[in-house]
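Just below is one structure, and these are the notes that go with it.
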Amino acid sequence: PDMLRSEVKRPTLKFHLLSNEDYKSRWRSIRVMYFTMFLSSVGESCLPSTPYTKLHFKIDDSANATFLGWVVAAYSLGQMVASPIFGFWSNHRPRREQLVCSIFINVSANVYYSYVYLPTTNNKFHMLMARAFVGFGAGNVAVVRSYVAGATSLKERTSAMANMSACQALGFILGPALQAGLSFIGEHGVTVKVIDLQLNMYTAPALLAALFGVINILLVLLILREHRVDDHGRHIQAINYMSEDQVDISEESEGDIDQVAVLTSNILFFIVMFIFAVFETIATPLSMDMFAWTRKDAVFYNGVIISCIGFESILVFVAVKMASQRIGDRPVLLGGLAIIFCGFFILLPWGNHYPKIQWADIKNNSMVSQTLATTVPSNSSFESTGCPLEQTWCQYTPAISLAQYITSDILIGVGYPACNVMSYTLYSKILGPKPQGVYMGWLTASGSGARTLGPVFVSQVYTILGPRWAFSLICGMVLGAIILLGSAYHRLIAFSVRLGRILE
């Protein structure tokens, strides 16, 4: 009787089979979302840290490395604030509105970035604001993911999410390549006097990102249409723009969502994103300390490694689609976490070989010191290499070999993309038929928070305590994530599967 009463109270949804034109329109719109994600990652990655740092100090002498850290973190903070806002908005209005608004903010912020040299004072704060607004515009990632989740059936979901992640990875690969291609303009470049614009190797990537944004706005306006299907793939009316004769099922869906599964998914996603933030942040200082690379060499070699990992991740996304169809989403997520654990475990220092200490050979040899003083001018750009003496752990912690480092990169390059795509694929399935904008906003915000805290972890734990403590804590976090996934394993299932409407 209780089940009968609940069925009587349940509002009736109007479904209809998709026509061939509806099907084509739906997938054209989904591909626009792929392109939006691609352009977003290109716009972010074509402003790399090295030239960005040079411009930062060039336009404002009062800037220092600490302030640069805030500038880098401003992007993630802006995205963390914006994601829930755009997500809430997308639950009640057509997605075009949030996408056009967010992309317009992104375009404006990139143009603003190109003019940060114009003010006579406080240029560094203008750069901070520009970076924060670029991140704020990137909050549309929540809208993109919620749209794709709502426009795909359960069978299509994993493949669509993997394709979107592959587009994002491709954007991160091509972004630095585009920036390198624009470096021929040089530091001085040309000046467009009519609009007071200095077009050089620092401002050109930002203007290119702005141009991509304009193209993206046109695609959203001309091609994107509102589509929403249920877990079986049947077309239903979009809740986020209702007319009087439409039925709102959000209240029914809200009560049915497994909030424990939602919280667990957010924690797992936070851990995955935090670990990757640490991984990409620690690469340069770790390689300089362990392999005595110069900063220029470290940036170059790690750039090559990150690019290779990007290509590797695209292959992983293809493999994930096939693996999830055979064994399911949860085993793939569990396997990805296990691979990440192995990647960081391999990085633990061991053996009897210790890193080279900066200036150790000079301090122990006055002859070498006198030779250096006579051969290296005081204003020379000579850079000492090795592990700094200020990091006391350098004197007793074994060095990490290059083979360990490369092997770890390969393993993390397999585990991270698998965990990333499975985290929000499972999350979207857990949420079920209700609009997912707000929930996707919180998931994106948790990821942005993790990317903000990652560099803090590196500066506080790695720099002070060394790689043994840093990687041991990371291994502990991954092990905790595996235990958490195991304890909530039976709850991380699709909405329709949990209610018995679809067999898993």
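Cβ atoms here come from the backbone N, Cα and C positions, even for glycine.
Taken from TrEMBL, the feature domain 'Major facilitator superfamily (MFS) profile' covers 29-498.
According to TrEMBL, the feature transmembrane segment maps to 32-52 (among others).
As annotated by TrEMBL, transmembrane segment applies to 67-87 (among others). Remote same-chain residues near the transmembrane segment (67-87) are listed as 44, 49, 53, 56, 98, 102, 124, 127-129, 131-143, 146, 436-442, 444-445, 448-449, 451-452, 455, 459 (criterion: CB distance under 8 Å, separation of at least six residues from the stretch ends).
According to TrEMBL, the transmembrane segment annotation covers 99-116 (among others). If one looks beyond the transmembrane segment (99-116) by at least 6 residues along the same chain, the residues whose Cβ comes under 8 Å of a Cβ in the stretch are 36, 40, 43, 47, 59, 82, 86, 123, 126-127, 129-131, 133-134, 136-140, 143-144, 196-197, 203, 206-207, 209-210, 213-214, 216-217, 220-221, 224.
Taken from TrEMBL, the feature transmembrane segment applies to 128-148 (among others).
Taken from TrEMBL, the feature transmembrane segment applies to 160-182 (among others).
According to TrEMBL, the transmembrane segment annotation covers 202-224 (among others).
TrEMBL lists 260-279 (among others) with the feature transmembrane segment.
Marked as transmembrane segment by TrEMBL: 299-320 (among others). Note on the transmembrane segment (299-320): residues 48-50, 158, 162-163, 165-166, 169-170, 172-173, 176, 280, 283-284, 287, 293, 332, 406, 409-410, 412-414, 416-418, 421-422 of its chain, located 6 or more positions outside it, place their CB under 8 angstroms from a CB of the stretch.
Nonlocal intrachain contacts for the transmembrane segment (332-351), taken as residues 6+ away from its ends with a CB within less than 8 angstroms of a stretch CB, comprise 268, 272, 275, 320, 323-324, 397-401, 404-405, 407-412, 414-419, 422-423, 426, 466-468, 471-472, 474-475, 478-479, 481-482, 485-486. Look at TrEMBL and you will find 332-351 (among others) tagged as transmembrane segment.
Residues annotated as transmembrane segment in TrEMBL: 469-489 (among others). Using a Cβ-Cβ cut-off under 8 Å and counting only residues 6 or more beyond its ends in the same chain, the transmembrane segment (469-489) has close neighbours at 260-261, 264, 267-268, 271-272, 274-275, 278, 282, 330, 333-334, 337-338, 340-341, 344-345, 347-348, 457-458, 461-462.
Mean model confidence of the domain 'Major facilitator superfamily (MFS) profile' (29-498) amounts to 81 (pLDDT, 0 to 100 scale).
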